[in-house]
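Here is what TrEMBL says about this protein:
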DOMAIN    59-148  domain 'PPIase FKBP-type'
REGION    1-23  region 'Disordered'
Amino acid sequence: MVEPLVTPPNDLMPALDREGTGELSPYQRLSQRMQDVTGDRGVLKEVIREGAGDLVMPDASVLVKYSGYLEHMDKPFDTNCFRKIPRLMKLGEEITLWGMEVGLLTMRKGELARFLFKPRYAYGALGCPPLIPPNTTVLFELELLDFLDSAESDKFFALTAKQQDVFPLEKVLKVAGTEREFGNYLFRQNRFHDAKERYKRASSILCRRPFHPGEQGQIESAKLLVFLNLSFTYLKLERPTRALVYGEQALAIDQKNAKALFRCGQACLIMTEYKRARDFLVRAQREQPLNHDINKELKKLASCYRHYMDKEKEMCCRIFSPLHSSAVQQN
């Protein structure tokens, strides 16, 4: 991945004051080779790295890294590049800079682009004192890491329960998939409680869907992914009983699923149900003999079981030693 811009490129470095010389400023020079996005040259674009897939949709939530520069400053006045994972922002609600929203709608996943925003599309005639002077053109560099099209989800959740039941299967699967992707994003941020809520929304959509002949396979495949996510999330939340429930629901769909067997084994190990843990983990190993995580968990299980047996022996010795001593004394 291309590293976000820390300082502007050479042709944007601060130039000597050229007022009255007729020479172009750095931003003026840059603008000559940029694409006019809006038709009024209010938003200009230069692609640094091409993206792939569909363009961002108007109702999407975007995962974007950005840095904003004034013309004669070599450090950004605004950036989120210090964050490991940027905050997910919904277009039309959480992005306040008009030019940024316009620019994002021209981008594809993985794209890195540079934009010039004229005052009308940036901070206007007043600017944003004391940082942004009045009537200022600003440069923004945007890297679109990912986006989620939530338009279908918004439409679905605005329906009544009866209307949701007759929603086309293809769209139901898309809504459930979007909820799951939101959950995945939250999970990567270690926001496990929020991720769980998203996964449960996806699960409720799929589980209450009255499927018709020929639809079961698609619904079960989607449910399997969500149950696996929920099982893993409950492990992260240190709730092994719930993790086991969802792991077993995944196994009801695919009894040889190595991930489900592994999650169930992990949950049973935490609950000190060693025999059940071994059964699940051995079955998982049978499906994926070379899986490092499964083999590591089996070694951990063996160690925990030895420690448990040692404690049991020690306890028995403490209980029966006084009785043995008393019997010897009586004799």
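Cβ coordinates come from backbone N, Cα and C, glycine included.
TrEMBL entries are annotated by machine, without manual review.
For the domain 'PPIase FKBP-type' (59-148), the model gives a mean pLDDT of 93. DSSP states for the domain 'PPIase FKBP-type' (59-148), grouped as helix (H, G, I), strand (E, B) and coil, give 10 helix, 35 strand, 45 coil.
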